[in-house]
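Enquirer: Residues or ranges marked as signal peptide in TrEMBL: 1-18. According to TrEMBL, the domain 'Partial AB-hydrolase lipase' annotation covers 49-108. Under the heading active site, nucleophile, TrEMBL lists Ser181. Sequence annotations record features per position, and here TrEMBL assigns active site, charge relay system to Asp352, His385.
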Amino acid sequence: MKLLNTIILTYTILLILSTPNFLSLKAQENGTGTATMPVQSSEGGFCKSMVETNGYECEDHNVTTKDGYILNVVRIPMGGCRDCRTRGNKSPVLLQHGVFVDGRSWLLLPPKQSLAFNLADNGYDVWLVNSRGTEYSEGHTSLKFDDPNWSLDELVAYDLPATFQYVYDQTGQKLHFVGHSLGTLMVMAAMSRDQLVNMLESVALLSPVAYMGHTTSLLSRVIADNFIAETLDSLGFYKFDMRNVIIIEILKVICRIPSVDCTTLLFTPYTGQNCCMKPSIMDIFLDHEPQPAAMKIVIHMCQLIRGGNTTMFDYNDSGTNLKHYGQPTPPAYNMIGIPKDLPIFLSHGGADALSDVDDVKLLLDRLQGHDPDKIVVQFIERFAHADYVMSGNAKEHVYDPFIAFLSRLH
């Protein structure tokens, strides 16, 4: 087993290191104001290819952040199923993906098993975010988009507020938020700083990543402990981009070999051993994912792994930190600041290497003062990180209980 893990880990690292795009410039912060621009049935998103083809109505919207990034947000309207006799009238639900994927990660499963489509079938107004840097959110009002320079902090300060405000303005209602992986950290970091709370109806945290000091992810540990991302950044590699066309096609061929379990080959070194992903989902996954990410956010995640605390980006220079934060060390995102009366649905897995059980316990310790009538904590022993968006039984174990949780709030 150790030999197998070594082979898998070595292969995965080589895959990553062989394909990042070399970029010569880093982006500069841009102070442009917020603007929004709805685009109905646009060719620019995945409405036609992944939503309308499954019989659902769909809208593409573009949201521009205060620092000028143009984000694609896909909407499946209330009761968007074309065959449904009645349209829903329930609250909007915003789905936020994690790192190295985009909004399509919520649509990889068949419609009857997908969280996004199940929410639409139950009358909810579903919004799928594509964060900056992913395929459909590569635009900027002034910068060339080959200049990525953002960490978690920019996603918290710009992307999340812009999408929240846009959906709130479009619907006139508070939002239910669903995050997976990095998506959970984004909303918890925002809430810890008293942001967005006035627009939130409830929060679902799937594979929550509030702390990362105990992660058992082999790949994450090797990259963090050996400062690989920092080294690549110093060499001018400013983006992690694993989507090399040739390698993706080779992987598809390999994954079709009956004796090869690609759900283990590609995911276990990073996410832990997922229990319930069907091999057939790999073709769909490789058609759309993985997505690129700025090297700075990878460095930020590595800092959280090594430090064990959840802080803003550390520039590793007291003078630069002082310039950005007014103090020599980066401020912490304090999870105790999450409102104690906010309805929370939290689900984590016993086999999850990224959202490790001990790290989730730290989060739950911070939430001990939460109103017990306002929080549901679910533990699934066999689930790992990718099971929450790619396992066929996620509907039974996670999505159905979550939708029941939402129903009780109305």
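Cβ coordinates are placed from backbone N, Cα and C, and glycine is handled just like the others.
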Enquirer: Around the C-beta of Asp352 (active site, charge relay system), how many further C-beta atoms are within 10 angstroms, looking at every protein chain?
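Expert: So the number of other Cβ atoms within 10 Å of Asp352 (active site, charge relay system) is 29.
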Enquirer: To the nearest whole angstrom, what is the C-alpha distance linking Asp352 (active site, charge relay system) and His385 (active site, charge relay system)?
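Expert: Asp352 (active site, charge relay system) to His385 (active site, charge relay system), Cα-Cα distance: 5 Å.
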Enquirer: Give the distance between the Cα atoms of the residue listed as 'active site, nucleophile' and His385 (active site, charge relay system), rounded to the nearest whole Å.
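Expert: Spelling it out, the Cα of the residue listed as 'active site, nucleophile' and the Cα of His385 (active site, charge relay system) are 8 Å apart.
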Enquirer: Would you count the other CB atoms within 10 A of the CB of His385 (active site, charge relay system), including those on all shown protein chains?
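Expert: I get 28 for this one.
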